[in-house]
Amino acid sequence: MELDNQTWVPEFILLGLSSDWDTQVSLFVLFLLMYLVTVLGNFLIVLLIRLDSRLHTPMYFFLTNLSLVDVSYATSIVPQLLAHFLAAHKAIPFLSCAAQLFFSLGLGGIEFLLLAVMAYDRYVAVCDPLRYKVIMHGGLCTRLVITSWVGGSINSLVHTAITFQLPMCTNKYIDHISCEILAVVRLACVDTSSNEIAIMASSIVLLMTPFFLVLLSYIQIISTILKIQSTEGRRKAFHTCSSHLTMVILCYGMAIFTYIQPHSSPSVLQEKVMCLFYAVLTPFLNPMIYSLRNKEVKGAWKKLLGKFSGFLSKLAT
């Protein structure tokens, strides 16, 4: 009974990035601007794909889901982070902390799975272009996306449940910017080796397995591109993968750099930087990468802006 009484912590205190007021105000302004651009940019990408029939293809169907995941991931962390920059008491209620962990962990897993799905799509487009429409039909694309969402959500639900069943005793100070799973597990006053094993196992399933699938896809893609005789053909084939490859390098590169190191597990500072990278920087860059490096998207933007200009001209006359 005494242990049961110790498991309930009504709220947690997030220590955040800095205790200096001027630094917090500067970070508030920076992250607020990045968050607004993130939300606007990703929703404009989704809207553009919906409005332009030329973008109704598997690649942009997956991109729509990726943009929604990015916005949702950022929203699960950034608004609370912004509020805490200006708050004296940086508390987060127990249930809010659990909800934040569930959504951020789930959406992170969904993003890695979606990137693997998109790699398979690019593999079929480059290595088997004549059968692309037959292979990547609507039913398969829908099932792949549903599998990604369900897989990430189930993994997150299991980890959230077992993490918040741990007795926290009187520990309530989380040395992090959000309720990240490793930071919460560290608060437990019991042996957490089984939780750490479970976290490692899920990391292998939702991080390393998709990474190796992406790696195998791009080995085949590069091999096929090198066999193309014309320089223009190789350039076009590579161009179809460039935006996705950029996102893959950013997302998987940061995770591997942080966790696959010869020394021990990542430091608290590295965990905070990694969380900021996925919650702030990646969603911020996603619409730019797919807009600036993609001819179809740039063409769709020009067409949409042309229609909008024409509409304004008619109103003016």
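Glycine too: its Cβ is placed from the backbone N, Cα and C atoms.
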Transmembrane segment range according to TrEMBL, out of 140-158, 178-196: 140-158
Remote residues contacting the transmembrane segment (98-120) - C-beta distance under 8 A, at least 6 residues beyond either end: 59, 62-63, 65-66, 69-70, 72-73, 76-77, 80, 92, 144-145, 147-149, 151-153, 155-157, 159-160, 163-164, 178-181, 184, 202, 206-207, 209-211, 213-214, 217-218, 244, 247-248, 251-252, 278-279
Beyond the flanks of the transmembrane segment (197-219) by at least 6 residues, Cβ under 8 Å: 109, 112-113, 115-116, 119-120, 122-123, 151-152, 155, 158-159, 162, 181-182, 185, 241, 245, 248, 252, 255-256, 259
